[in-house]
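J.: Here's the feature list from TrEMBL:
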{"type": "SIGNAL", "residues": "B:1-21", "note": "signal peptide"}
{"type": "DOMAIN", "residues": "B:27-130", "note": "domain 'Cytochrome c'"}
{"type": "BINDING", "residues": "B:Cys41, B:Cys44, B:His45", "note": "heme c 1 binding site"}
{"type": "DOMAIN", "residues": "B:173-280", "note": "domain 'Cytochrome c'"}
{"type": "BINDING", "residues": "B:Cys188, B:Cys191, B:His192", "note": "heme c 2 binding site"}
{"type": "DOMAIN", "residues": "B:313-401", "note": "domain 'Cytochrome c'"}
{"type": "BINDING", "residues": "B:Cys326, B:Cys329, B:His330", "note": "heme c 3 binding site"}
{"type": "TRANSMEM", "residues": "B:433-454", "note": "transmembrane segment"}
Amino acid sequence: MSPAHTRLSRRQLLVSLIAIPLFSPRSVFAQTAGTDSDIARASALLTGRSTLAPETAMRVQELLSAQDAAFPSHLASLIRALETASGTDPQTLSDSLSDTDAATALAILEAWYLGYVGSVSTSSMDYDGKFVTYLQALMFEPTGDVTPRPAYSKRGANYWSAVPEGVAAPAMADNVATWGLAGLKPTTSPPDPDPAWLYMMQGYATTITAARAALAGGAAPLTSDEVNAKSLAAAQASAGAQTTGAQTSDSETREGDSK
Amino acid sequence: MKHMRPILVLLAALCAGPLSAQQADPALVAAGKAVAVAGDCAACHTNPEGKGDFAGGYGVDSPLGTIYGANITPSPQGIGDWSFDQFDTAMRKGRAPDLHFLYPAMPYTAYAGMAESDMKALYSYLQLGVDPSDNVPPHTDLGFPFSFRAIMAGWNLLFLNGDVVAGANAEAGSAARGEYLVKTLAHCSTCHTPRNALMGEESDSFLGGGAVGEWIAPNITAGPDGIGDWSRDDIARFLATGRNAHGVAGGEMGTAVERSFSKMPRSDLDAIAAYLVSVPAVAGNGPVRGARDPASIPDIEPPLSGLNDYIDTTDMSGARLYQAACATCHGWDGMGSVDGAHPALVGNTAVALDDPGNLVMTILNGAQLTLDPDASLMPAFGDQFTDAEVAKLASYVRTGFGAKALAPVTQAQVWNIRNGVVQTGWLLANAKALTIAGLGLGALILIAGLAVLIRRRRRIR
Amino acid sequence: MSDYDADVIIIGSGTIGSHVALQCAQAGKSVIILEAGTKLPRWKAVQNFHEDAAKRNWNAPYPRLPWAPHSYMEGYIEATGDADFDYVTSYLRVAGGTTRHWAAACWRLLPNDFKLKSTYGVGRDWPISYDDLEPWYVKAERSVGVSGTAQDDQSGQNRGAYPPRSQDYPMPPEAMPYSVQRMTSKLTDMGYSIAHEPCGRASRPYDGRPACIGNNNCEPACPIGAMYSGDMTLEKAVAAGADLRTESVAFKLETGEGGAITAVHFRKPDGSDHQLTARRFVVASHGLESPKLLLMSDVANSSDQVGRNLMDHTGLTFSFLADEPLWTGRGSVQHGCIVNRRDEPSRAQHSAIRYSFRNLVPNLDIAPDLIEQGLRGEALDDAIRDRAGRYMQISTMSETLAIPTNRVQPNPDWTDSIGLPGLKVTYRLDRYVRAMLPQAQRDFANFAQAFGAEVLTAPNQWRNQFHIMGTCIMGDDPADSVVDKDCRTHDHDNLFVVTTGVMPTSATVNPTLTGIALAIRAGDTLVKEL
Ligand SMILES: Cc1cc2nc3c(=O)[nH]c(=O)nc-3n(C[C@H](O)[C@H](O)[C@H](O)COP(=O)(O)OP(=O)(O)OC[C@H]3O[C@@H](n4cnc5c(N)ncnc54)[C@H](O)[C@@H]3O)c2cc1C
Ligand code: SF4
C-alpha cells in the first residue's frame with residue numbers, strides 16, 4: 001500500500017510506517033523476550049513509540065554503557081523518574097526530568113533518532129561514533145512519505161518533479177520545469193541586494209527581523225572593501241585564535257559534503 | 001520493415017519467380033508482416049552483424065552444438081526460389097525443398113496448425129516485403145548422430161500433428177482467436193508444456209510448465225499453480241510490457257515480449273488473455289506458496305561488534321547481501337516501490353518457483369527489457385557476486401519472500417547456471433554411444449530435446 | 001615485445017587511468033594497471049554505508065588500508081594554510097578510484113576557461129583551445145553516459161546554446177525537482193540564470209545501467225549503479241584484456257639512458273618490492289598522488305612545477321530555512337545551478353563563481369539541533385518535518401588561480417604501514433579568491449530575500465570541493481610546466497601524466513569530464529605511437 005496514495009493522517013501514517021518493520025515473525029517473538037527491559041521501556045516512553053525493536057534497544061544500552069560505565073545506573077534513575085511521572089506524552093515527561101536524567105534521556109533519544117551513538121566526523125576516520133540502526137533511525141519517519149531514507153528510494157525515475165505530498169504549490173510558469181533555453185531565462189540583471197539581507201549574509205543576524213532591528217539601531221552591512229580587508233585579516237590571524245565564522249565542531253559533523 | 005520496396009518493381013522482377021502477380025497484394029504483405037511478428041521469426045532468423053532481420057546467421061546454443069538460423073529473405077541464398085507449396089511444407093512438416101529435415105529448434109510442430117490464409121500472407125511478406133540478402137549463414141553441424149537429419153523423419157511421425165487450429169479469423173479479442181495464437185504462431189506450449197519421457201509434449205498437462213535452457217517456463221494454466229490469480233488485464237499487460245504486479249519477463253520470455261508480443265495488436269493480446277484464463281488448471285510447476293521467513297531489522301543490521309570488515313564479504317548472510325544489493329529497489333522487506341516502479345519480490349513468480357533457475361539467471365544477468373525507454377531496468381550482478389554469494393542471496397530471497405518451504409540454492413547450482421550447464425540427463429549425455437549401439441530411439445528423443453534445451457547464444461544487452 | 005612486461009603500464013585504476021587502459025587494450029596493446037587499493041563491489045560499499053555511524057563521511061564506506069591510506073586517514077595529509085580555513089580534501093584508494101563516491105557532475109569548460117590569461121589578464125592559458133578538446137569531450141560524454149541538454153546557456157551570458165557542441169548529450173536531462181522549479185521560478189525573475197547540471201547519471205537505461213531513481217545517495221555510493229563510476233570503465237578495460245594488479249602501490253619510476261623511464265617499482269601490503277618494465281608509463285594516480293609519485297621518483301620536474309599550482313574550487317556554503325516547503329532530497333544530490341557569474345568581466349578582478357543547489361535529504365542536518373533544543377515526541381517529529389521541508393543549501397564553486405606556492409609534497413615525517421610517506425599540503429587563498437566574497441554575499445542576500453530565509457549557516461566559511469587541479473600543470477614551455485598538450489611529460493618521452501592535475505586553469509566546474517577527455521586524447525596518441 002502506498003503511503004503516498006492513502007489518506008491517513010500523518011500520525012496514523014507514522015505509526016504504520018514504524019509498525020511495518022516489526023511485525024515479522026521473528027521480532028514479534030523477540031519482543032516478548034525484551035520489551036520490559038528498562039532500556040526498552042525508556043525508549044518507548046521517550047519516543048512515544050511502542051514498536052521499537054527490543055534487540056535494537058539492547059544495543060543502545062550496550063553502546064551507551066561502553067561509552068560511560070555509569071550508564072546502567074543513570075538508566076535506572078531515568079526509568080524511575082519516567083515511571084513515577086504522570087502521563088505518557090514524551091514532551092511532558094522529558095520536561096519533568098532532572099538535568100542528569102535529561103542527559104541520559106538525550107543520549108537514548110539521539111541513538112534512536114540519528115541511528116548512532118558517539119560522535120562522527122565528515123572529514124576524518126578518527127571518530128568514535130557507533131552504528132545503532134539505519135532502517136529504524138527515527139529522524140526519517142516524519143518525512144518518510146516525501147523523501148527517501150537515502151539509498152532506499154521507494155519510487156521510480158523522475159518522481160521528483162511532482163509537487164511533494166502535502167504542498168500547495170504557488171502558481172508557476174508553464175515551462176518552469178523545462179531545462180534549458182525553452183525554460184525560464186532571465187531578462188534582467190540581478191539587483192543590488194537589500195542591506196538587511198546582506199547584513200545577514202555577512203553573519204551578523206540569522207533572521208530578517210533581527211537584521212532590520214540592527215540596521216534600525218545604526219548598524220550597517222560591511223562595504224566590499226571592508227569585507228575584503230576583514231577576510232585578509234582573518235587569513236593572517238595567529239593560529240589558535242578564534243576566527244570569524246569558525247565552525248563549531250557540531251556544525252562540522254553535519255555539513256561535510258562536497259562534490 | 002525499414003523500407004518496403006515499390007511493389008511494382010518487384011513484381012516485374014518476380015514475374016518468372018515463385019510468387020505470382022495475383023498473390024502480390026499489399027494488404028496481404030502487411031498481414032504477413034503481422035504474422036511474422038506474432039510468430040517471432042526474427043528471433044532466430046535475424047543476423048547478428050546487422051545484415052538484416054531475416055538474413056540468418058544467429059546462433060542458438062543447444063547442448064548438441066550451435067544451430068544457426070537460416071536466411072529466409074527472397075534471395076537465392078534464402079527462400080527466394082521457393083514456391084508457396086515448398087514454403088508451406090517447410091513450415092508445417094519441417095522439410096525444406098531439397099527434402100532435408102529441419103531441426104525442431106524451428107517450432108514447425110506449432111506452425112503446422114496455422115491457417116492457410118496466414119501462411120499465404122507470411123509467404124507474401126517474406127517474398128515481397130523483405131529485402132533480399134545474399135548472406136550465407138554458418139553451417140549447422142551437430143555431429144553424429146544428429147548430423148544425420150533423416151532421423152527427424154521418425155520423430156515427425158511421432159510428434160507432428162498436422163491439424164489446422166481453428167480460430168484464425170475469429171472475432172478480434174475473442175478466446176477463439178487467442179487459442180489459435182497460443183497454439184500456433186505464439187507457440188507457447190513449446191516451452192510452457194512439460195515433456196514426457198520421449199520428449200513429446202504431455203497433452204494432458206497443456207501449458208502446465210516446462211523449461212528452456214536454464215530458464216523455467218512456469219505453469220500458465222488458469223489454476224492455483226498457474227496464473228489463476230492474474231486478471232486478463234494482468235496477462236495482456238505482461239505481454240505488452242514484459243511486466244505486471246506478479247513479475248517481470250526474463251530470458252526467452254523477455255525476448256519474446258520485446259520482439260513479438262509487444263508489437264502485436266492489443267486485441268490479439270486480449271485474445272490470448274481471454275483464452276489463457278480458460279485453460280484447464282494443471283497442478284505443479286508453479287510458484288510454491290506458504291509461510292515466508294523474512295529477516296527482521298535487527299537480523300539485518302549488524303551485531304554489536306559493528307561492521308566486521310570493510311572489504312571482506314565472506315561472512316555476509318543472505319539477508320544482509322539482500323539489503324546491500326537489492327533492497328534499495330525491491331524494498332528492505334521485498335515489497336517493491338510504492339509507485340510500482342520496481343516489482344515486489346513477495347508474490348513474484350520467479351522468486352517462488354521450485355527450480356531457482358529464473359531467479360538466479362535474473363540476479364546474474366539483470367532484467368534489461370528496453371521497451372519503455374523511461375522504465376528502469378535491473379542491472380546485472382554477475383560481475384559483482386561470487387557463486388557462493390549468489391547462492392546465499394537467492395536462498396534468502398526464496399525463503400524470505402517466496403516461501404519458507406523452498407530449498408536453499410547451492411553454490412554448485414549457481415555455477416551450473418552461470419556457465420550454461422543444463423541438467424540434460426543421462427540420455428543426452430550418452431547419445432553417441434546409444435546411437436552407435438543402434439538405439440536410434442535415443443537419438444530421436446534427444447533431437448526432440450532441441451526444441452526445449454536451446455539457449456540463446458548472446459544475451460541482449 | 002618480450003623485452004618488456006607490457007606495452008604500457010598505467011598507475012592508478014581511477015576513471016582517468018581506466019579510460020587510457022581501455023583504449024590501449026581495445027587497440028590490442030598489452031596493458032598492466034597497477035592499483036594501490038583493493039577491489040570492492042558496489043553492493044559492499046552500500047552495505048558499509050548502511051552499517052557505519054558516519055553517514056555524511058563520504059570516505060567511510062571505502063576500505064581503510066594501512067598500506068594505501070586515503071585522504072581521511074589520521075595524519076596522512078598534513079596541511080598548512082590560512083588561519084580561517086582548514087584544508088580538507090577527499091579522495092579514495094580503491095579499484096575504480098574516487099568517482100566511486102563522487103556526485104557525477106560532468107561539465108565542459110567554457111572556451112574562455114582555456115584562455116584566462118589572454119582574455120582576463122590573470123592565471124594561465126592552456127596550450128590547447130576548447131575547439132581542440134571538443135571532439136574528445138564528445139567521446140568522454142558517451143563513455144561516462146552524461147545526461148544533459150545541448151539547448152542551454154551554460155555561460156549565463158545570453159550566448160544561446162553554449163558552449164558550442166558538435167553532438168548532443170547521449171541522454172536527455174532528468175526531470176527537474178520541485179525545489180529547483182521553485183528556485184527557477186523565483187530567482188529567474190530576479191535576473192539569475194539557472195542551468196541544468198550535466199551529470200553522469202543515467203536518465204534512462206544506458207549501457208546496462210538503470211535510470212536514476214532518486215536514492216539520493218550518489219555520495220557516497222549509488223546503490224543501483226545508475227551513476228557512472230570509474231570501476232565501470234575499469235571492468236571494461238579488464239574485459240578487453242588489461243591486467244589489473246591491485247594492492248600494488250607504485251613508489252618509484254626509474255629513469256634510464258636518455259631520460260626514458262625504464263621501470264616502475266611498487267610495494268605490496270606485505271612490504272615486498274617488485275618492478276615492471278614497459279614501453280610507455282602513464283601516471284594516473286589522482287591529482288595529489290600523481291605529483292607525489294613524480295616527486296618521490298625525482299622525475300618530470302626540471303621545471304620545479306611538479307606538485308605546485310594546486311587549485312580547488314574552494315568556496316562558501318549557505319544553508320537556510322525557506323519560508324515555504326521546497327523539499328530538497330527528492331531526486332539525486334544535485335540538479336541545477338546558477339551560472340551568471342561563470343564568465344563575467346569581473347573575472348579580471350576576482351574568482352568566477354557558480355552557485356550549486358545541494359539536494360541532500362536534510363534530516364541529518366536539522367534533527368540533532370532540534371533534539372538538543374529539547375523537543376520531544378510529536379513536537380519533535382513535526383519540527384523535523386517542517387524544517388526538512390524548508391531546508392536549502394547553496395554553495396559556490398569558486399575559481400582559483402595557479403599559484404606556485406600552493407603545493408603538495410611527500411611528507412617524510414609520516415609514513416604508512418609499508419614505509420611510504422604521507423602528504424604535505426600548503427594551500428592559501430589569495431586575494432583573487434577572497435575578493436569574490438563581496439559578490440557572493442550580494443548574490444546570497446538576493447537568494448535569501450527571495451525565500452525569506454532564516455540563516456542556518458552564513459556563507460562565510462571557506463571549504464574545498466575536492467577538485468584537484470594544477471599539480472602536474474600543462475603548458476607549451478618546459479621551463480614552467482610539467483606536461484605538454486598531449487599529457488606527455490616534457491622531460492621524458494615515454495612518460496604521460498593523466499589527471500585533473502594537468503589543468504592549468506580551474507574554471508568554475510567540476511573537472512573530471514575534462515580530465516577524462518584529456519586522457520582519451522592522450523590514449524589516442526599512445527595507441528598511435530605503440
Ligand atoms: C566527494 C567527492 C565528490 C566529487 N564530485 C565530483 C563531481 O561531481 N564531478 C567531478 O567532475 N568531480 C568530482 N569529484 C572529483 C573526482 O572524484 C576526481 O576528479 C576524479 O576521481 C579523478 O579521477 P582520477 O582517475 O584522476 O583519480 P582517482 O579517481 O582518485 O583514481 C586514482 C587511482 O589511483 C590509485 N593510486 C593512487 N596512488 C597510487 C599509487 N601510488 N600506486 C598505484 N595506484 C595508486 C588510487 O587508489 C585510485 O584508485 C569529487 C570528489 C569527491 C571526493
Ligand atoms: S540519486 Fe540515487 S539512483 Fe540516482 S544516481 Fe544518486 S544514488 Fe544513484
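Each residue, glycine too, has its Cβ placed from N, Cα and C.
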J.: Where DSSP helix means H, G or I and strand means E or B, what are the helix, strand and coil counts for the domain 'Cytochrome c' (B:27-130)?
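T.: Across the domain 'Cytochrome c' (B:27-130), the residues distribute as 45 helix, 10 strand, 49 coil.
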J.: If we check Cα distances from B:Cys188 (heme c 2 binding site), which of the binding-site residues B:Cys41, B:His45, B:Cys329 wins as closest?
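T.: Checked the binding-site residues B:Cys41, B:His45, B:Cys329; minimum Cα distance to B:Cys188 (heme c 2 binding site) goes to B:Cys41.
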J.: Would you mind splitting the domain 'Cytochrome c' (B:313-401) into helix, strand and coil residue counts from DSSP?
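T.: Output for the domain 'Cytochrome c' (B:313-401) reads 40 helix, 3 strand, 46 coil.
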J.: Enter the number of other CB atoms within 10 angstroms of the CB of B:Cys191 (heme c 2 binding site).
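T.: 25, counting other Cβ atoms within 10 Å of B:Cys191 (heme c 2 binding site).
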J.: Out of the binding-site residues B:Cys41, B:Cys326, B:Cys329, give me the one sitting nearest to B:His192 (heme c 2 binding site) by CA distance.
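T.: Looking at Cα distances from B:His192 (heme c 2 binding site), the smallest one goes to B:Cys41.
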J.: Rounded to an integer, what is the Cα-Cα distance in Å between B:Cys41 (heme c 1 binding site) and B:Cys191 (heme c 2 binding site)?
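T.: Given the Cα positions, B:Cys41 (heme c 1 binding site) is 16 Å from B:Cys191 (heme c 2 binding site).
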J.: Indicate whether B:His192 (heme c 2 binding site) is helix, strand or coil by DSSP.
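T.: Assignment for B:His192 (heme c 2 binding site) reads helix.
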J.: Looking at Cβ-Cβ distances, which residues of the chain lie under 8 angstroms from B:His330 (heme c 3 binding site) while being 6 or more apart from it?
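T.: When sequence neighbours closer than 6 are ignored, B:His330 (heme c 3 binding site) has B:Gly336, B:His342, B:Pro343, B:Ala344, B:Leu345 within Cβ distance under 8 Å.
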J.: For B:Cys326 (heme c 3 binding site) and B:Cys191 (heme c 2 binding site), determine the Cα separation and express it in whole Å.
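T.: B:Cys326 (heme c 3 binding site) to B:Cys191 (heme c 2 binding site), Cα-Cα distance: 29 Å.
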J.: Going by Cβ pairs closer than 8 Å, show me which of the binding-site residues B:Cys188, B:Cys329, B:His330 neighbour chain C.
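T.: Cβ contacts with C, in sequence order: B:Cys329.
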J.: How far is it from B:Cys44 (heme c 1 binding site) to B:Cys191 (heme c 2 binding site), counting Cα to Cα, in Å?
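T.: Checking the Cα atoms of B:Cys44 (heme c 1 binding site) and B:Cys191 (heme c 2 binding site) gives a distance of 15 Å.
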J.: Are there any residues at least 6 positions away along the chain from B:His45 (heme c 1 binding site) with a Cβ closer than 8 Å to its Cβ? List them or say none.
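T.: Correct list: B:Asp53, B:Phe54, B:Ala55, B:Gly56, B:Tyr58, B:Gly69, B:Ala70, B:Asn71, B:Ile72.
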J.: Provide the three-state DSSP residue tally for the domain 'Cytochrome c' (B:173-280): helix first, then strand, then coil.
T.: 50 helix, 12 strand, 46 coil
J.: Around the heme c 2 site recorded as B:Cys188, B:Cys191, B:His192, what other same-chain residues have a C-beta within 8 angstroms of the site's C-beta center?
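T.: Those within range, site residues removed, are B:His187, B:Ser189, B:Thr190, B:Thr193, B:Leu207, B:Gly210, B:Ala217, B:Ile220.
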J.: Test of understanding: give the count of other CB atoms lying within 10 angstroms of the CB of B:His192 (heme c 2 binding site).
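T.: Its Cβ has 27 other Cβ atoms within 10 Å.
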